[in-house]
Amino acid sequence: MTGDNNDIPENVRGVVEIDSWLTPFAKVLSERRYLADEWRYKIEHSTNSEGRDTTLAQFARDAYKSFGLHADPGSLEIRYKEWAPNAVRAFLIGEFNSWNENANEMQRDEYGIFTTVVPPVVDDSGNKQYGIPHDSKVKVCFQLADGSRIYRLPAWITRATQPDKETAKQWGPSYEARFWNPPVHYSFKNKRPGFMRDTDSLRIYEAHVGISTPEPKVGSYKEFTQNVLPRIKDLGYDAIQLMAIMEHAYYASFGYQVTNFFAASSRFGTPDELKELVDTAHGMGILVLLDVVHSHASKNVTDGLNQFDGSDHQYFHSLASSRGEHPLWDSRLFNYGHFEVQRFLLANLAFYIDVYQFDGFRFDGVTSMLYLHHGVGEGGAFSGDYNEYLSSERSFVDHEALAYLMLANDLVRELLPDNGITIAEDVSGYPTLCMPRHLGGAGFDYRLAMALPDMWIKLLKESRDEDWEMGHIVHTLVNRRHREKVVAYTESHDQALVGDKTLAFWLMDAAMYTDMTILKESTPVVDRGIALHKLIRLITHSLGGEAYLNFEGNEFGHPEWLDFPNVNNGDSYHYARRQFNLVDDPLLRYQYLYQFDKAMQTTEKNYKWLNTPQAYVSLKHEVDKVIAFERNGLLFIFNFHPTESFTDYRIGVNEPGCYRIVLNSDKHEYGGWDRIDESQSKYFTTDLKWNERNNFIQVYIPNRTALVLALDSRVRNGN
């Protein structure tokens, strides 16, 4: 599509030059970018703590360093600051003042920001100490205009814990805020791993600390550091995406009903133990991403943000409007158009980057944020028509939420200019979401390729293997917006939840309980399952995106779904765990899938097909069920046929020379049949065009087998 370049606003000209189909919508794109830029201008020309103009990064840092409770090691004073515009008076209470509601009244300014200072105290030895002991309980008491008083956990609290049984019995199960100020603060030992945004691969291991143990219990940060990090390192992943870190009172919410945004979940341990986890990962060369939830918040009142100052519209849209709560999630929705909400959320990002040394974020629920209909109902039926996103009449975009996301990406770039990573969980395919801000995009590095797991599950549920359409598989895997990177995956935590099945269970079902032992001959069901598990993951990894994600346990074919303890399962932890004992057992076949996943990650690390231009697909043979493509100088060949193996099968390839196998899914150590003698397998090109490539090779490709080949000159020792 063409248009007069002079009519395109300068601030979005970059994205329009990349995608000419955006031309009719250039004005809309420009207006949306302008709103974010206007917000940024307001922020940068607000005054900082020294009374000067500020930067976006300084604005966010000043916020988390001033709001909430902060100890001054010089004066031993503790300062507390809170925004609560609906309150007329405020009091800091806690164990330190015997919960005296009138002992520590706060000062209110014209914006509804309350402040107070707790002076040091003198102990029995005559030594000055902080007026609030470390890890002691605190609350804030607000007096409203009608004289009534309400009690809340400080909004910026950095530690909140479950009450003991006696307290819960007397006062209820609401979480308790604690003043975290240890005598010795954790000191990071390792630098962040380097990451070149434009060239480096990203192989992500998605994990949940609490379920990262074979035992039916809540796992800890320390256990994850000691037991799971070495597995991730061994497999060859270079990033971890941690779920459920932000405090959530309801464990079964999977961490997506956040109550305390600045508090790392105390179920798993202390803040210092989380810091040690991140630090240890960095020492292994592994980036750590936080699954951040800024799309909504828990409806909890006494231990959450909901009705924090007695009103229903402080941090959120009013319940009197249609925008106050999510229609499906039973949660509150942020008002991204409010200055203090922007401050709170941006500061939250800076806090996790600075204090815990996270290297970036996976933003949950971006589709819900982007649209007033939240992607629910008819509004969520996206066809890809640009009018659905960019037409002022049809798009229903929440401009303020989009502006916030742009600012969030700006902030991450400022704080981590070299290696900060942002990933959007967006199913809608919003154009320009993953284009740079300076070109007119929203600034995310990647979006999740959410259509891919849906395709695989649909095929496994509804089609026989012999009916799989190679063209459909390829189209789904490569169908992404030009110059917008995606994270490919076959299954994430979403596919593991109760009511669904893991990929391995779709393939092998009940046979996983009876036929995975190597002490008896393998069955056709298990043979098929292991073979297709490898092919599906490798073709998704190599063709489906510019980064790759695996949910913990699925690398070895974890058999069971996830179900957190709740009233419907008798508060059982049986399914709220990862059975690493299965892959550790040398008598079970899970080890084969683990070893293949390790080989797949290692091969990508050595030859780097991720974060390179899309593959050239030369073959999609519907009868033979063969797919072939080239990416970054590698040749990938997949034979999905259930029964047919092919000898001297012609495969087109562009570069002439001698090719050798660098990854073979049929090796015995990966649960295959060793039908290819790799020591005798060198494939020389013939100088004749084939399938629109300049040359071809002839290969033996067994059924349900995948091969990756490289020019002999590129093959590394040990592949």
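Even glycines carry a Cβ here, placed using N, Cα and C.
Owing to the predicted nature of the structure, the values given are computational and were not obtained by experimental measurement.
Mapped onto three states, the DSSP output places Trp99 ((1,4-alpha-D-glucosyl)n binding site) in coil. Within 10 Å of the C-beta of Trp99 ((1,4-alpha-D-glucosyl)n binding site) there are 14 other C-beta atoms, taking all protein chains into account. Taken from Swiss-Prot, the feature (1,4-alpha-D-glucosyl)n binding site covers Trp99, Lys139.
DSSP gives Asp364 (active site, nucleophile) a coil state; it is part of no helix or strand. Annotation comment: Swiss-Prot describes Asp364 as active site, nucleophile.
Neighbour density for Glu425 (active site, proton donor): within 10 A of its CB lie 20 other CB atoms from the protein chains shown. According to Swiss-Prot, the feature active site, proton donor maps to Glu425.
Around Asp494 (site 'Transition state stabilizer'), the same-chain residues at least 6 positions away in sequence with a Cβ under 8 Å from its Cβ are Pro453, Asp500. According to Swiss-Prot, the site 'Transition state stabilizer' annotation covers Asp494, on the basis of similarity to another entry.
Around Asp364 (active site, nucleophile), the same-chain residues six or more apart in sequence whose CB sits under 8 Å from its CB are Tyr256, Asp291, Val292, Val293, His294, Ser295, Glu425, listed in sequence order. According to its DSSP assignment, Lys139 ((1,4-alpha-D-glucosyl)n binding site) is in a strand.
In this structure, Glu425 (active site, proton donor) belongs to neither helix nor strand by DSSP; it is coil.
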